[in-house]
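Residues annotated as domain 'MARVEL' in TrEMBL: 11-143, 148-284. As annotated by TrEMBL, transmembrane segment applies to 12-35, 47-65, 85-105, 117-133, 145-168, 180-202, 217-238, 259-278.
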């Protein structure tokens, strides 16, 4: 017997549905405006266009699957998937909202093309707010762990994986120093394990692991925190010791990339610390 699709109007009329509708319209408007200028070449422009198109397509699919109530047929944890995607969309659209104007809008902004780029930047920022509202609305209430990726530790897992991806995109000239190679190993190991946790959670595979998972996650967060502490100290030590910023440092300057990695490492260190605190409270401090 074939499943009959029913129409669930609450998928569009609930606050979460309204936030998703805004995100669909704003992301569509953003990439349409940028496409109309024809000026989005290079890695930065390609990344921004991919972000807006990707978020538009996935959010539209989420709306359709919830509207027709087809998502229970999918072999995954729907709440975990939508929570992880909305958090990822927040991070991707925020990055694009910063990178696009920095890369393409020049001062003074007087041409028609520049005006469209400015409007696209504004709609991208509003799209970021729409996804942020969705994350706020779907975030699990204290004590509710039915959907792990909607809890604070779950959302932080997405943040940690995304920041690691940003670090990988900036990696340049690290093969000559053992200390920098250790830092790259830290970023890679933590990224792989965090990504596996996200994938296993969405795929409902964590239940098959024969050990107390919540305590394993606390132990992993503690080890990841220790590893990131070493990277936070070693990366700037090996990158900048006896090296000042070159006068001829352009847009793709290695010195600037290493500085960006330093700040991103600190961001992930803070994320793993908060993750450890929250996950420890969820495991060891039970609310009645």
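Just so you know, glycine gets a Cβ as well, placed from its N, Cα and C.
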Segment-level pLDDT (mean, integer) for the domain 'MARVEL' (11-143): 91
Per Cβ pairs under 8 Å, the stretch of 12-35, 85-105, 117-133, 145-168, 180-202 packing most closely against the transmembrane segment (47-65): 12-35
Residues from the same chain, set at least six apart from the ends of the transmembrane segment (180-202), whose C-beta lies under 8 A from its own: 76-77, 80-81, 84, 148-149, 154, 157-158, 160-161, 164-165, 167-168, 171, 174, 209, 217, 220, 224, 227-228, 230-231, 234-235, 238-239, 265, 268, 272
CB contact flag for the transmembrane segment (145-168) and the transmembrane segment (12-35), at least three pairs under 8 A: no
